[in-house]
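A.B. asks: Quick one: structure below, then a few questions.
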């Protein structure tokens, strides 16, 4: 393709430069409007400058990619509500055998979950679990955070739904889900293993904490959890103090009660003596009066006894009624809880089955966009609630960013600059030679870190595929898979290379009680060797 007019080349380059600056550095001092607004600004400038017409701008928006992205986000939201990621987090520390075992588990779980539910989603929900588990084992968090982010990027390369650039590649190349998975899965598995090995070698000393120290840390953490949820030591001490004070009060009061009882006995004795003298003075009168008083006392006693018995019976019946009422209330509450638990379990099972059905449909080669949208709407209907709270969690800003990016990249392509540069490099980047594959990988690696991976795929995808198609159809497929592999693994090079890296860094910094800041240089020291080694191994395995 020849270059466009000088005016379009200059204006298109300015619009693309503004988009690139705001996409890579969303908080630049002169225009801190963020990535999404920067993408829309670039698209608007392309139209205003006349690089693309309004109709061409609308046509540049790839609706199948947006549909697939929307559907996978909705499915991920319902999986999170169904506690899928909670169970994955629990698997991190279940019967852990040490720091190295924990790191390998994080790498494996992060890779698998990212391949199925996108790397960004996995990083969002697993970061806090990783921080908490590291604290339980009294370990430094940064090796495990690096394992989470890097393995998420590597794992996401295996499927078309693993990350946004793979979505673009799958739609544009028309490679089926199954062929995509088979082509990259071996490289992904070996890449995760090598990545974990590099982490273990780099942080061997930090991960070589004695088992006794880990057990003590876990015991302390468990005791803290028990104190927080079961009882309070302060409350326990107050209870013991109250008990001791009551015992002391009883000990002090007991002599006073004894003295009072003795005085009462003396008074009774005096009354008895006086009554005896009265009886001796007038025995007959005293005897008659005594008989009458005894009869009246017995009658009153019988009446009071009958009243007491009736009162006791009424109290017993009332207590029995209250007990029956309590038991009936408890049984009804138990039935309601039982029904609620079964409904929740049934709903979770439906969510998992719908997700499994979506994956099976994708493996069967059905349309990826409509499969994801159908699964998302099935979950909305099965939830049988207002879907607004769940749909509000969808990252619409990401969808808008993609719309602006499609228009901006299409406008830049129309300037002819990318085609001219590719014409200069194409003879040296042919994938039928090892040297050509190496040069192509370096170009993708550099551009993915300079212009981000999705714009790189949009700029290079069609050109790389056309060059490979001139060799053979198999080489065309291999070119798309190489582009997917390298553009994804390139995100591990630096902290700014991938959105998943930034998500892990930000989530770790904001995590309550477990906050940790992952620095740029800490990531770079690990990212450079890991990216180069894993990329090279993957290129040798992709077929």
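Every residue gets a Cβ built from N, Cα and C, even glycine.
From TrEMBL, for reference:
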type     : residues : note
TRANSMEM : 12-31    : transmembrane segment
DOMAIN   : 27-490   : domain 'Citrate transporter-like'
TRANSMEM : 58-79    : transmembrane segment
TRANSMEM : 180-204  : transmembrane segment
TRANSMEM : 351-382  : transmembrane segment
TRANSMEM : 394-412  : transmembrane segment
TRANSMEM : 433-451  : transmembrane segment
TRANSMEM : 481-504  : transmembrane segment
TRANSMEM : 524-542  : transmembrane segment
A.B. asks: Return yes if the transmembrane segment (12-31) and the transmembrane segment (394-412) have at least 3 CB pairs under 8 Å (sequence gap of 6 or more), otherwise no.
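C.D. replies: Since 3 or more Cβ pairs under 8 Å link them, the transmembrane segment (12-31) and the transmembrane segment (394-412) do come into contact.
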A.B. asks: List, by number or range, the same-chain residues at least 6 past the transmembrane segment (351-382) whose CB is under 8 A from its CB atoms?
C.D. replies: 63-65, 67-68, 70-72, 74-75, 78-79, 81-82, 84, 116, 160-161, 170-171, 176-178, 181, 390-391
A.B. asks: Check the transmembrane segment (58-79) against the transmembrane segment (524-542) for contact, please; criterion is three or more CB pairs under 8 Å, pairs 6 or more apart in sequence.
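C.D. replies: Answer no, regions not in contact.
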A.B. asks: How about the transmembrane segment (433-451) and the transmembrane segment (180-204): at least 3 CB pairs under 8 Å, pairs 6 or more apart in sequence, or not?
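C.D. replies: Contact between the transmembrane segment (180-204) and the transmembrane segment (433-451): absent, because fewer than 3 Cβ pairs are under 8 Å.
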A.B. asks: For the domain 'Citrate transporter-like' (27-490), what is the mean per-residue pLDDT, to the nearest integer?
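C.D. replies: Per the prediction, mean pLDDT sits at 78 for the domain 'Citrate transporter-like' (27-490).
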